[in-house]
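Visitor: Here it is, the structure in full.
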Amino acid sequence: MAAPVSFACVLGFFLCSLMADSIESRNFHDLFQPSWAFDHFIYEGELLKLRLDNSSGAGFSSKNKYLFGKVTIQIKLIAGDSAGTVTAFYMSSEGSNHNEFDFEFLGNTSGEPYSVQTNVYVNGVGNREQRLNLWFDPTKDFHSYSIFWNRRQVIFLVDETPIRVHMNLEHRGIPFPKDQAMGVYSSIWNADDWATQGGRVKTNWAHAPFIASYKGFEIDGCECPTTVATADVARKCSSDGEKKYWWDEPTMSELNLHQSHQLVWVRARHMVYDYCTDSARFPVTPAECVHHSHRHW
C-alpha cells in the first residue's frame, strides 16, 4: 500500500504553530503517570514496559484530559503465547454517561494472528465492537496506534492507516461524543474468560511475565484542566476568530480519497467481526450502521 497521509500537521507548519493549548511530546512522564501496580512498570530510557504476571497487570493514565485532537502511542505487543491477555489503549471520560474510544489488543496462541478490537461508547452505551486481524506481526517491532477526534468524526488508525471511522450523525438523531473531555489510558491485564477464542484458550502462566512495550507518546489536542467547568469545555476547545485548531479545518471533516481506499482495504481483507452485521445480537440494525456511508466504513 502507498504511504498513508499523516493527520499530524497535515496543513503545514504555519497552521500547526497556531494551535492553542495543544501538546506534542514523546516523554512518558510529561504526559502520563502510573495508575496502579507501580512495581509492574519497567523504565528503560525512553522505553516503558508494562508487566503482567499472575499477581497483577498494570496501567497508566494521562495527567490531563482533552477534548478533540489526536493521541498516538507506539506499542510492541506481547510476544509468543499471549493467549488470555489484553493490552488496551483508550480514551475515556468519567461517570455513568461517559464516552469512550477503545483499542483492545487480544492475545493469542503462538503463530496465530493478533486481533485488535475497537469499541465506541457514547453516553455510557457501548456494544459497538469491531474486530480485525492485523496485517503484520505487532510483537516484532513498534507500531503506532492513534485516535483522532473532532466534531465530525472519530478515527482509529494503525500506522496512520484508518481502520475505523465513527461519524457524527446527530442530524439523524444519533448522539455523538463532543462535549466530555477525556483522559488517555493504557493497561495490560488477564482476560482469559473472553479474550482468546471466546475464552476457550486460557492464560498459560508458565509463560509469564507478559511484557508490552511503549514509546513515542504524543498528545496533540485541546487540554482541559480540571478547573474548567464542564459547560465551558466545549467553548474553550472550539475554533473561533481568535484561535484556530487544526482538527477543525475542513480537510479534517472526512477521510480523503486515499484514506477511504485504505479503509475499504482493511475492512475487506482483515475485518473478522462487525457488530453492524451481527443479527443475532442486534435483530434490529443499530441506527448508526444504517446511516453510515459505506465509503467511510
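Counting begins at 1 with the first residue displayed.
Each Cβ is built from the backbone N, Cα and C atoms, and glycine gets one as well.
Sharing the record's features from TrEMBL:
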ACT_SITE  Glu100  active site, nucleophile
DOMAIN    1-214  domain 'GH16'
CARBOHYD  Asn108  N-linked glycosylation site
SIGNAL    1-20  signal peptide
Visitor: Determine, to the nearest whole angstrom, how far the Cα atom of Glu100 (active site, nucleophile) is from the Cα atom of the residue listed as 'N-linked glycosylation site'.
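Guide: Here the two Cα atoms are 25 Å apart.
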Visitor: Which of Glu100, Asn108 has the fewest nearby Cβ atoms, counting only those within 10 Å, among these recorded positions?
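Guide: Each of the recorded positions Glu100, Asn108 was scored; lowest Cβ tally within 10 Å is Glu100.
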Visitor: Across the domain 'GH16' (1-214), what does the mean pLDDT come to, as a whole number?
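Guide: Here the predicted model's pLDDT, averaged over the domain 'GH16' (1-214), is 87.
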